[in-house]
Amino acid sequence: MLLAVLLQSAAAAGLGKLGAALGAAIAVIGAGIGIGKIGGSAMEAIARQPEAAGDIRMNMIIIAALVEGVALIAIIVCLLTLFL
C-alpha cells in the first residue's frame, strides 16, 4: 500500500515537470511565431509605404513587446508550477 502511494506521488511529480516544460516550450514557440509574423507584416507595409516607416516601426516594436510580455508571463507561470 505504501509503495503504491509513493509510486503515485513520484509519477505525479514527474508529470508536473513535464507539463511545465511543455508549457514553457509552447509559450516560447508561440512568441517566436507571433513576432515573426509581426516583423514580416511590418516589412511588407514599409515596402508598400516607405514614408510611413517610422510609425510602422514604432507600432511593430510596441506589439512585439506585448507579445513578448505575454510569453514571459507564461514562462513565469510554468516555472511557478514547476517549483511550487
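Using N, Cα and C of the backbone, Cβ positions are placed for all residues, glycine too.
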Taking 21-38, 39-56 as the choices, which stretch does Swiss-Prot tie to transmembrane segment?
21-38
Around the C-beta of GLU68 (site 'Reversibly protonated during proton transport'), how many further C-beta atoms are within 10 angstroms, looking at every protein chain?
14
Residues of the parent chain within Cβ reach of the transmembrane segment (21-38), under 8 Å, 6 or more residues beyond its termini:
60, 63-64, 67-68, 70-71, 74-75, 77-79, 81-82
Given the transmembrane segment (60-80), its same-chain partners at Cβ distance under 8 Å and 6+ residues beyond its ends are 20-21, 23-24, 26-28, 30-31, 34-35, 38-39, 42
